[in-house]
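Below are the structure tokens for one structure; questions will follow.
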Amino acid sequence: MAKRRTKKRTHVKANGAVNGPGRVGGTNRSPKSMVIRMGAGEVGPSITQLAKDVRAMMEPDTASRLKERKANKLKDYISMAGPLGVSHLLLFSRSNSGNTNLRVALAPRGPTLHFRVDNYSLCKDVTKAQKHPRGGGKEYQTAPLLVMNNMKTQKDASSDPIRKQLEDLTTTIFQNMFPQISPQTTPLSSIHRIMLLNRDMSNAEDGSFVLNLRHYAITTKQTGVPRRIRRLDPKEQRQRQKKGSAIPNLSRLEDVSEYLLDPSAAGFTSASETELDTDAEVEVLEAQTRRVLSKKQVQKLRDGKSKDRSNGGSNVEKRAVKLVELGPRMKLRLVKVEEGVCEGKVMWNEFVTKSKAEEQEMDKTWEQRRKEKEERRKEQRANVERKRRLNANTRANSNGDRAEDEEMEDRWDSEDSDVDDVDDVSLEDGADEGE
């Protein structure tokens, strides 16, 4: 049997295609998310734009073209999370009192973190406040790097076990929201953005859990070289947005040394020319183009007869790292933790504290609900199995009746043919007697 053809040019395999979405045993599958507006048009234009900004921040492993409808329910999104390989649901909604809420749920069984969005700023507001905003480019082709600060304050679980479990749960959920990285194998050139989660410790003693979310783009520039010389570097010119105004005008100068000694002569007068770069400096390997060697040259290199001049010098350079905010900004206050996906037993509530007796009573109630749910499932399974057997019997009976009808039709056809033969024989005999 011929092997089925696989399209490779137009059907590129995604990350983790061997154990893709919806298949059991997917180990190398990256987490995926869905940012949803619950209530669609009822949440307002600001929250709609906020959901779009969060989708851009969660790129590329998110449903960026998701279209919500008023008729869609939470059950619809949960049912589609499994086949699509979605692991996290971010649900934006507005309460009757006007508060903006964000629910972060793990699909398909929970738990769910309920946040109240105290303050937020959209990407367009952050861009308007910047003097040199950074436009969208290749930053959104890779997932952001997650940086968390002050997330775990309870080192000893014996002092406050509930707060320790809450911190561990929140940290684990946000860590699993993005693909894991390895410092040994992940290239630095693939990290273009940072998502920062900073816990506000001003009211931590009261038991509140407040997170400040920021989204930055990582920009680098070469250090150790004067700024006026960097302006002449073609690589620096390609990275600049305003290429026309960045190139110095040397038409009025007789020699390039005049520009190097007096940068104001080329039209650049800035008070920051003499300021030292205060950005963090890191050492990275400079990307170099290497020529392809022939077989003879490779053999000579192995024998030690010739030397590769391309690797003669050190290609390590110092670059300054700078963060440019992209937005959005959000101040999230954790108010409740539920066991399931937006339903189930409340494991923690900021405003409600129950005694041990009340907790035991709540556990009994949920245990009774669980038993009733299991009984309903068993009854449904029994009904489905009974209907299957009934349909199979009905189909078998219909096939039997159809077979009997066909047999009767064949019998009548055979009898009719015998009668016709008898008539023909009698006619022939009569003709012979007449002769």
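Please read every residue number as a count from 1 along the shown chain.
Using the three backbone atoms N, Cα and C, a Cβ is placed for every residue, glycine included.
Quantities reported herein were computed from a predicted structural model and do not represent experimental measurements.
What TrEMBL records for this protein is below:
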- 1-12: compositional bias 'Basic residues' (COMPBIAS)
- 1-30: region 'Disordered' (REGION)
- 33-343: domain 'Brix' (DOMAIN)
- 225-248: region 'Disordered' (REGION)
- 295-316: region 'Disordered' (REGION)
- 300-316: compositional bias 'Basic and acidic residues' (COMPBIAS)
- 358-385: compositional bias 'Basic and acidic residues' (COMPBIAS)
- 358-435: region 'Disordered' (REGION)
- 391-400: compositional bias 'Polar residues' (COMPBIAS)
- 403-435: compositional bias 'Acidic residues' (COMPBIAS)
Taking a Cβ cut-off under 8 Å, which residues six or more beyond the ends of the compositional bias 'Polar residues' (391-400) line up next to it in the same chain?
none
How do the residues of the compositional bias 'Basic and acidic residues' (358-385) split into helix, strand and coil according to DSSP?
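The breakdown for the compositional bias 'Basic and acidic residues' (358-385) reads 28 helix, 0 strand, 0 coil.
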By DSSP, what is the split of the compositional bias 'Polar residues' (391-400) into helix, strand and coil residues?
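So the compositional bias 'Polar residues' (391-400) is made up of 10 helix, 0 strand, 0 coil.
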